[in-house]
Amino acid sequence: MSRAQLTRTGILRMALGGGGGADPLLPAEGGGDRRAPFLLRALRIAVVVCLYWFTSIAMVFLNKYLLDSPSLRLDAPLFVTFFQCALTAALCLGLSLGAACGAPCAGLPTLRLDPKVSRSVLPLSAVFIGMVTSNNLCLKHVGVAFYNVGRSLTTVFNVLLSYLLLKQTTSLYALLACGVIIGGFWLGVDQEGAEGTLSWTGIFFGILASLCVSLNAIYTKKVLPVVDGSIWRLTFYNNINACVLFFPLMVLLGEFRTLYHFDKLGSPSFWGVMTLGGVFGFAIGYVTGLQIKFTSPLTHNVSGTAKACAQTVLAVIYFEETKSFLWWTSNLMVLGGSFAYTWVKGLEMRKVQEDPNVKSGERNETGV
């Protein structure tokens, strides 16, 4: 998921798409929403989709400002990521304490730090660090317009890792969709080079981010039982572990020295933007789950593809860039291939669910 952007979204998507308990912050499936008038349901869906689009796009633009703004001049990407992880853990803990005091989110589990559980979650946290760091480093070195293409190989790695680690095969149509994505990726790299804006460092981190997003989904499924299937507990432990692991990395890369000489370290506006970026990073997981609940996983992926297209267009307009026809073609290939893959897998999974004679092994192969 490029539509998976970022960060904590993959965890909620995994749980809400199949596994884990119900999210206490989200409305229960079925129930009163199905009995609501059509116009009311349509309005709710429109509001939720708009909220998802706004949160996701705003998060990308805010992170780009924090990571690569000429006016800010802060060369400390690990610190930015560390701060967002720390804020996410604090917000999880705050919501949990509020629920314990009888706040509206009364279904949230009580959060307390258990060293044994923290150690069990540690392998996932290492992958999580790789995911959020490589995402941010990719965004730092490439433009927002190219960001979606630069880390578009997540679907390809999903298929590859599902075969290598889980021995799950993939249908020919799904493989053809992956081929379109790879073709769009390489065409995009070629066009960025032709325009003189190509960053091989950004491409490297984009590929690494795609790999880590796929690994994150696999490890999340393995680690969820350790936290009793609770997404909020997993998010809390994951971000606590990430904060601990980020600290020596920041020391090693000299980011504390960079922060010491940073002229805006005492600026309230700087910390305001940092906090806002962290809040959006936390909120993207919630609004992703909200969109899935009010629509479906398939519709969510389609919405994510459309959002990526809108984000690219907005970035080109905002940064006043001029792109060639082939550059736009590469974006359309990536978006079209992602949409086709989502559509094919949705049809295959529906066929499996409707056919009671399909064996369990075949079910696993279909649901890559």
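Here the Cβ of each residue, glycine as well, is placed from N, Cα and C on the backbone.
Per TrEMBL, the feature domain 'Sugar phosphate transporter' maps to 44-341.
Panel annotation: around the transmembrane segment (42-61), residues 5-6, 33, 36, 139, 144, 147, 277, 280-281, 283-284, 287-288, 290-291, 294-295, 303-304, 307, 310-311, 314-315, 318 of the same chain, lying at least six beyond its termini, place a Cβ under 8 Å from a Cβ of the stretch. Annotation comment: TrEMBL describes 42-61 (among others) as transmembrane segment.
The transmembrane segment annotation in TrEMBL covers 81-108 (among others).
The annotation transmembrane segment is assigned in TrEMBL to 120-139 (among others).
A Cβ distance under 8 Å defines the sequence-distant neighbours of the transmembrane segment (145-165), meaning residues of its chain 6+ beyond its ends; these are 1-2, 4, 60, 135, 138-139, 174-175, 177-178, 181-182, 184-185, 188, 192, 197, 202-203, 206-207, 209-211, 213-215, 217-218, 308, 311-312, 315-316, 319, 321, 323, 330-331, 334-335, 337-338, 341, 368. As annotated by TrEMBL, transmembrane segment applies to 145-165 (among others).
Positions annotated as transmembrane segment by TrEMBL: 172-189 (among others). For the transmembrane segment (172-189), same-chain residues at least 6 beyond its ends with a Cβ under 8 Å from one of its own Cβ atoms are 146, 149-150, 152-153, 155-156, 159, 198, 203, 326-327, 329-338, 340-341, 344-345, 348, 368.
Tertiary neighbourhood of the transmembrane segment (201-219): same-chain residues 1, 4, 10-11, 13-14, 123-124, 127-128, 130-131, 134-135, 137-138, 140-142, 146-147, 150-154, 156-158, 160-161, 165-166, 189, selected by CB-CB distance under 8 Å and a gap of 6+ residues from either end. Taken from TrEMBL, the feature transmembrane segment applies to 201-219 (among others).
The transmembrane segment annotation in TrEMBL covers 231-250 (among others).
Per TrEMBL, transmembrane segment is recorded for 270-290 (among others).
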Mean of the pLDDT scores, which run from 0 to 100, over the domain 'Sugar phosphate transporter' (44-341): 89
